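Undergrad: Sending over a structure as structure tokens; questions will come in a sec.
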Amino acid sequence: MSELSVSMSAAGGLPQAPLLPEAPAKVTVRNLNFYYGEHHALKNINLTLGTNRVTAFIGPSGCGKSTLLRIFNRMYDLYPGQRATGQLMLDQTNILDGKLDLNLLRARVGMVFQKPTPFPMTIYENIAFGIRLYEKISKSEMDDRVEKALRGGALWNEVKDKLNASGLSLSGGQQQRLCIARTVAVRPEVILFDEPCSALDPISTAKVEELIQELSENYTIAIVTHNMQQAARVSDKTAFMYLGELIEFDDTSKIFTSPSDRRTQDYITGRFG
């Protein structure tokens, strides 16, 4: 989705991304349930993330959208007492398989968090660090990979003359794009974005949104956002969640113009949430 042609929806005047044909499934979710101890946080979730498509997850705080995102790369394994049941497939790989190598899973399914999290090291090493975890390559190959990753993060032209500067010296927007470049560097298949622009100014937000659209040419993307305009601008599909349930999942254009469920309509028009 490299170009964004927009029309205005009847539901709040939101700009709409163009409708694309259905894509082959990259991630398939069937009857997924998730528990924090005895608390049933997600209930019978069923959806599909299309290959090289952007799927937005919207809903009020606490509805389960960020929880769902973290199941896609098993981040919940870091916390005792949390468990998922059901089926969650990445192509032919069962993400919920207890024997799955989580390091390899997280190379295939990368994640960009709400707050930029650059490592306390140089810009170059921020990118090279992850590559070294999975590959042994020459210095010249590493230089090439670092450049490609920074270009993929739309950051190369801004940092090419200061690769030895600390990643922490960059602005907030640049730090977030560095984190995106770091994720791209290990060549994932899926990239998860959890409120990636919530801490950024409007100019930096626009750059990240444009970057997400460019990345969708090569990656399958899932993004959690509270910003309805952002969901409408960048996504092909939108999932509306409420109280741990998936209420509606459809083309973004339909969700924002003629949702099937009244709760979806009420949320996107600001009646609650």
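For all residues, glycine too, the Cβ spot is worked out from N, Cα and C.
Take a look at what Swiss-Prot says about it:
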BINDING   Gly59, Pro60, Ser61, Gly62, Cys63, Gly64, Lys65, Ser66  ATP binding site
DOMAIN    27-268  domain 'ABC transporter'
Undergrad: For Ser66 (ATP binding site), what residues in its own chain, 6 or more apart in sequence, show a Cβ-Cβ distance under 8 Å?
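TA: Residues satisfying the criterion: Asp194, Glu195, Val224.
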Undergrad: Looking only at Cβ atoms, how many others are within 10 Å of the one on Gly64 (ATP binding site)?
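TA: Counting Cβ neighbours of Gly64 (ATP binding site) within 10 Å gives 21.
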Undergrad: Whose Cβ lies within 8 Å of the mean position of the Cβ atoms of Gly59, Pro60, Ser61, Gly62, Cys63, Gly64, Lys65, Ser66, the ATP site, other than those residues?
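TA: Those within range, site residues removed, are Thr67, Met241, Tyr242.
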Undergrad: Under a three-state reduction of DSSP output, how is Ser66 (ATP binding site) classified: helix, strand, or coil?
TA: helix
